[in-house]
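Participant: Pasting in a structure now, in structure tokens, and then I'll have a few things to ask.
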Amino acid sequence: MGFQPPAALLLRLFLLQGILRLLWGDLAFIPPFIRMSGPAVSASLVGDTEGVTVSLAVLQDEAGILPIPTCGVLNNETEDWSVTVIPGAKVLEVTVRWKRGLDWCSSNETDSFSESPCILQTLLVSASHNSSCSAHLLIQVEIYANSSLTHNASENVTVIPNQVYQPLGPCPCNLTAGACDVRCCCDQECSSNLTTLFRRSCFTGVFGGDVNPPFDQLCSAGTTTRGVPDWFPFLCVQSPLANTPFLGYFYHGAVSPKQDSSFEVYVDTDAKDFADFGYKQGDPIMTVKKAYFTIPQVSLAGQCMQNAPVAFLHNFDVKCVTNLELYQERDGIINAKIKNVALGGIVTPKVIYEEATDLDKFITNTETPLNNGSTPRIVNVEEHYIFKWNNNTISEINVKIFRAEINAHQKGIMTQRFVVKFLSYNSGNEEELSGNPGYQLGKPVRALNINRMNNVTTLHLWQSAGRGLCTSATFKPILFGENVLSGCLLEVGINENCTQLRENAVERLDSLIQATHVAMRGNSDYADLSDGWLEIIRVDAPDPGADPLASSVNGMCLDIPAHLSIRILISDAGAVEGITQQEILGVETRFSSVNWQYQCGLTCEHKADLLPISASVQFIKIPAQLPHPLTRFQINYTEYDCNRNEVCWPQLLYPWTQYYQGELHSQCVAKGLLLLLFLTLALFLSNPWTRICKAYS
């Protein structure tokens with residue numbers, strides 16, 4: 001709908017005036033013109049707004065004559081309109097509002113969806129200073145009866161059927177919106193002329209629009225289908241067509257009636273106390289202050305959560321990377337008191353502090369500022385928690401914290417380690433079993449060193465850190481069943497003593513195997529050497545003092561031990577409750593030597609060269625018993641080999657043999673007799689048998 005000529009002329013003048021006033025820095029409305037289709041509009045009055053008054057007038061441009069704006073008279077209300085002014089910083093927010101409400105339109109209009117507007121007026125908002133007009137805002141009001149969201153919507157809401165019981169798409173081949181799909185005869189967008197072109201080639205079945213066809217298992221389908229078997233009347237299904245197996249075949253329920261899911265329910269932020277009746281596996285551990293006992297943990301997304309609750313009987317070993325500039329020490333656990341209602345008291349953690357020796361293992365990319373006057377700060381690099389549990393309670397908590405002293409302004413990346421273990425209260429030590437009785441995959445190989453007082457140990461490999469030097473490498477245990485290769489670098493100078501280099505290499509390699517015996521089983525007793533403990537076989541142990549070739553040439557050493565090969569023989573040793581138990585039959589270590597020569601560039605500078613040394617672990621599985629050799633029949637007639645064919649005829653009666661241990665033998669016999677009865681009935685009801693009976697009768 002266009003404006004009348006006077007209003008259009010006034011609009012052009014106001015637009016030109018507003019642009020010029022903005023350039024001159026005078027009062028101006030932004031925007032100078034508004035088309036209003038709702039109950040309220042707002043504009044900004046910018047410039048020198050001190051002492052400015054705002055007035056509102058309804059323009060009646062009948063007979064092509066517009067009234068002269070009355071400035072200086074405060075008039076912010078009319079019979080149907082009101083204007084409010086909210087002051088701001090060198091700006092006034094001017095809001096014009098319709099006072100009657102849009103319900104007035106629906107009460108006066110019989111057709112709420114009429115094409116003609118309900119309100120059609122022109123408003124003029126004027127800003128005056130010292131009784132003189134300074135700026136104008138022209139508002140063209142054009143409001144329809146159904147233009148507001150507050151209008152009552154029609155009750156004819158489209159009901160989306162539940163696709164579990166009714167197909168949402170009655171025409172699955174209708175793939176293109178607003179166009180006719182060829183060969184889709186159920187497409188409503190196809191005209192009759194187009195449908196005649198491919199009526200004989202329409203899609204059939206569910207895709208063609210027959211979304212509720214009678215499926216083959218219906219009893220009614222057997223009466224119209226030829227060649228149905230004789231047993232069909234006994235096993236057919238009596239079901240209405242509405243219960244079809246094609247429901248959701250093409251539409252998988254992307255739109256369905258909304259149901260409140262569990263994660264949308266209001267979540268109480270207060271900690272739930274699970275300790276009143278004892279802990280269950282997975283329950284968070286509570287403190288006496290009704291709060292969770294938290295230790296930093298790593299989420300599934302890889303982020304480190306500082307306030308993650310500790311779950312009962314859940315062990316974990318995580319590492320968190322933190323920027324030292326953003327690091328904040330957690331509240332000390334010395335004051336933490338764990339709730340233990342079942343024992344009628346409180347469990348206080350026993351904390352032991354140790355100083356970290358090598359900071360290069362924990363802090364990388366370090367940058368220490370020259371600020372000697374600042375006091376150092378203490379950071380925790382490792383925290384080990386041992387929880388002793390008894391039934392559903394916690395009886396003891398032992399904590400060992402490794403801390404380091406760094407500069408207060410030191411920068412870098414710190415890697416923290418947090419270990420939590422739950423042990424039974426009657427366990428004599430903190431060592432865990434690696435299986436019961438056989439080893440479990442991924443558990444540490446248990447070892448003993450009878451030459452030491454504290455003889456409990458394990459076999460290790462290197463875990464490099466930083467530059468990969470052996471001086472900064474840490475140890476990690478050898479896990480059962482995992483073949484691993486690890487190594488580190490030795491710094492060697494051009495004037496290195498070969499004998500001392502061999503001693504250093506042998507010492508580094510021997511540090512991985514600080515044991516004399518390994519456990520044959522995962523539950524071998526550390527206190528009883530005869531309880532399945534095997535002595536480690538050491539082959540070709542080098543003599544560091546022997547120099548095979550005395551040479552005065554610098555930068556060359558022969559027969560340097562550089563590789564340690566650890567071979568572990570394992571085998572299956574029976575089964576417990578159907579689970580195969582594996583044990584260790586022997587462990588052998590063997591050294592390999594290399595000839596080292598200093599690598600020079602253009603010139604041999606006095607810089608340290610790097611000698612790589614490595615260690616490998618190989619688990620070799622051998623059969624507990626030698627397999628029986630194949631017979632000539634098994635070699636020639638492979639169709640009876642169950643390992644080469646999908647159908648295994650020799651195992652047809654396997655459930656009734658003594659080798660089947662899935663259930664009791666008596667149950668297998670009973671089920672077999674029942675199956676034989678069904679086969680006999682099927683034989684009597686079959687078509688050949690009925691013919692024989694008719695022939696005799």
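Glycine is no exception: its Cβ is also placed from the backbone N, Cα and C atoms.
The signal peptide annotation in Swiss-Prot covers 1-25. According to Swiss-Prot, the feature topological domain 'Extracellular' maps to 26-668. Residues or ranges marked as N-linked glycosylation site in Swiss-Prot: ASN146, ASN156, ASN391, ASN497. The annotation transmembrane segment is assigned in Swiss-Prot to 669-689 on the grounds of sequence analysis. Residues annotated as topological domain 'Cytoplasmic' in Swiss-Prot: 690-697.
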Participant: Per DSSP, how many helix, strand and coil residues does the topological domain 'Cytoplasmic' (690-697) have?
Facilitator: 7 helix, 0 strand, 1 coil
Participant: Using a Cβ-Cβ cut-off of under 8 Å, list the residues of the same chain that are 6+ residues beyond the ends of the topological domain 'Cytoplasmic' (690-697) and lie near it.
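Facilitator: Contacts with the topological domain 'Cytoplasmic' (690-697): none.
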Participant: Between ASN391 (N-linked glycosylation site) and ASN497 (N-linked glycosylation site), find the distance joining the two CA atoms and give it rounded to the nearest Å.
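Facilitator: Taking the Cα atoms only, ASN391 (N-linked glycosylation site) lies 60 Å from ASN497 (N-linked glycosylation site).
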Participant: What does DSSP say about ASN497 (N-linked glycosylation site): helix, strand or coil?
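Facilitator: Assignment for ASN497 (N-linked glycosylation site) reads coil.
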Participant: Let's check the environment of ASN497 (N-linked glycosylation site): how many other CB atoms sit within 10 Å of its CB?
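Facilitator: Taking all protein chains shown, ASN497 (N-linked glycosylation site) has 11 Cβ neighbours within 10 Å.
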Participant: Look up ASN391 (N-linked glycosylation site) in the DSSP assignment and reduce it to helix, strand or coil.
Facilitator: coil
Participant: Just counting, how many other CB atoms are there within 10 A of the CB of ASN391 (N-linked glycosylation site)?
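Facilitator: A count of 10.
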